[in-house]
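Undergrad: Starting off with a structure, shown below.
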Amino acid sequence: MKFDNHTYIQNYTSSDDETIVLINPLILNLFNKTNYDISQSNKQKDSIYHLDINIKTNSKLDKKSKKIDRNQDEVDELAKSKTKSKKKVQVEFETDDEYLNVFNKPKHFDIVEKNIRKTEILNEIKTINSATGKKNKKLLSRKKEEIVEDNQIPKELRINSSLTVQEFAELTCISDIEIIRTLFLKGQAVTVNQILDINTIIELGKDFHINIQIEEKNGLNEVNIEKNNFIKFSENTIRRAPIVTILGHVDHGKTTLLDKIRQTQIAQKEAGGITQKIAAYKVNVQYKNENRNIVFLDTPGHEAFSNMRSRGINVTDIVILLVAADDGVKPQTIEAINAIKAAKLPIIVAINKIDKDQANIEKVQQELSKYELIPESWGGQTPMIPISASQGTNIDSLLELILLMADIENYQAIEEDLASGTILESHIDRTRGPIASILVQNGTLKLGDIIVTGTSLGKIRGMLDSEGNKINTLTPSSPGIIWGLNKSLNSGDKFQTFSNEKDAKTYFSKESENNKKITYNYISENPSNQILEESSKKILNFILKTDTQGSIEAIVNAISRIKTKQLQIKILYSNLGEVTETDVEFASTTNAFVLAFNTRLAPGAKKTARQLNIDIREYNVVYDLVEDIESLIAQHSEPEYKKLKIGAATVKAVFPLGKNFVAGIIINEGKIVRSAHIQVQRKSGLVFEGDITTIKIVKKDVEEVSEGNECGLFIEEFSEWKVGDSIEIFELIQI
């Protein structure tokens, strides 16, 4: 089909049927405002039918089309090269049925089949883009809209890494503009090429009612597994220090034990006396007349920090399970036992606080035996050492046992290799920017190396060891802190380093492809009931700013455990760093509370908060934050009551009182009190339920009337009394 010397329609033949395909999106606006005539010519019995489509346009559209044409010389050339006829295009049909099927299709732009394959539209986009450059963004956007319309938004999306805005848009069939707008309303300005972290993707999924499922990454993990297998059989290896993770219930003495080993006082300095971040330390020990090193990972015991404990287990060689002799096996103890068994790690049980009066070592051993941890003294295979972390009792024996076990396992590494390991924790520093706590598991990390994780690439510009000293290298089984990165790294990610940017980028490109293996699962159930249920609840909005990514995980985990029937708790966004004026302004727009955990307020943020009357709540202990949110929920929730029946009455007469009516009642059983809650019943059922306004005997207000007596009952919200109405009287007891 031709219009103003441009080809807009070409023949397209598929195995299913014959359709007419538009090859220039300019026709989208023109086609609905045109009139066309269809005529049929029948030449002979075996002749082929011809379908003639003649386009007539109005003058206004003609002028608009000419104006567009003047700016599209390249499009004209492209269009002319595809033109076969000046005035019309002939579509051939081999049978009568094929011809008649054309007339069953809608007589407007829907003549273009909606089942055009996505790849064909994308090819047209490429053609338009190469021919027109930046002049026809509208044409490209229309084509992209066609793809979105023809695809279903998935109900579930499985991912194993971060994604860019554009990648998320393509995978979910949601416009990238809509995604950018949604994030902007949450206070996060992004571009189409910006990488979205896992938490942000999960929040977007909630906004668009997509269930985001996180799958385990394979790329770097597989590389490290292969490398570990190679190390075991390599001749060019050295003995490395064992990595030991201390696990146990909160307040069972994990950090106190580490303090005694390191001769430090970390436990006394921790907020609330509990560990709230994963920490790694290298300790020097005298063993068999030589200096040996042990790397200790101290993990939080609070239930909210389960992700941190998992990270500790994933990188450890040996686990010390700490159980308090005066407290026994607790929920986080059981969680740790199950995780250790799943990982098939060597375990040493340290029974702590044996100096306490309530200490009962045998009881602890009996409790542990229920979980198949049988002490060696009972004929089992689990070494158990009674210790006192505060007094230092049997600490040397514990260290000797760790090194003995390490010698048996024979942990090895290749020092000359480029470094690989795990990101333990990350946070934002005001002066240094993104900072990561890492553990080198193989090779040597050097200042200036390029570090690659599954989702990021950056150059190391500074390093500290576990004691806070500036260093230039980190050897195998060494914890440290690095900075100079362009973005915050994901806690728990594996990393690999390179000495030059070219190799790093090549490796990063391959890893990015490996990490984008994503599957869909379209859920057939209609989620509308859940949406309606949530929409009927009041919403408490929060903005969360923390010191580390681990803190975000722990707080979100803790908040998700809070049960509430009347309110919906919504974390609008969570980020690392200080509370800024932008956070405060966004909180004002969304009526949100700002939660600042172990972080400060930027200059001007406090002043802006006062001006906008925004509540910024600061915490340094996760217990306090959770308790405060529970208190907020109670304040914003309607109290719940249970009904206790205390009496019954019957309406004997109805009297006018101004514009309302008063019921004259007799108490048949129990009593009626001024503070009571009543239900009025008739043959038709319940006609009123509510509270009493006043009770009168003659003209005197009274608080209570007992069984067998009469009184007047006035209720401000109800006056449709009828003689014979039954009244049930309740006392409301708050639950």
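Placement of Cβ uses the backbone N, Cα and C atoms for every residue, glycine included.
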Undergrad: Among the residue ranges 113-117, 273-277, 393-397, I'd like the one that Swiss-Prot describes as region 'G2'.
TA: 273-277
Undergrad: Which one of 352-355, 608-611, 628-631 shows up in Swiss-Prot as region 'G4'?
TA: 352-355
Undergrad: Pick from 248-255, 376-383, 544-551: which range has region 'G1' per Swiss-Prot?
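TA: The range carrying the region 'G1' annotation in Swiss-Prot is 248-255.
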Undergrad: What does the DSSP secondary structure composition of the region 'G1' (248-255) look like, as residue counts for helix, strand and coil?
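TA: Breakdown, helix to coil: 2 helix, 1 strand, 5 coil.
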Undergrad: What three-state class does DSSP give Ile354 (GTP binding site)?
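TA: Looking at the DSSP assignment, Ile354 (GTP binding site) belongs to neither helix nor strand, so coil.
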Undergrad: Please work out the number of neighbouring Cβ atoms within 10 Å of the Cβ of Gly248 (GTP binding site), leaving out its own Cβ.
TA: 27
Undergrad: Taking the Cβ of Lys254 (GTP binding site) as centre, how many other Cβ atoms lie within 10 Å?
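TA: Within a 10 Å radius of the Cβ of Lys254 (GTP binding site) lie 27 other Cβ atoms.
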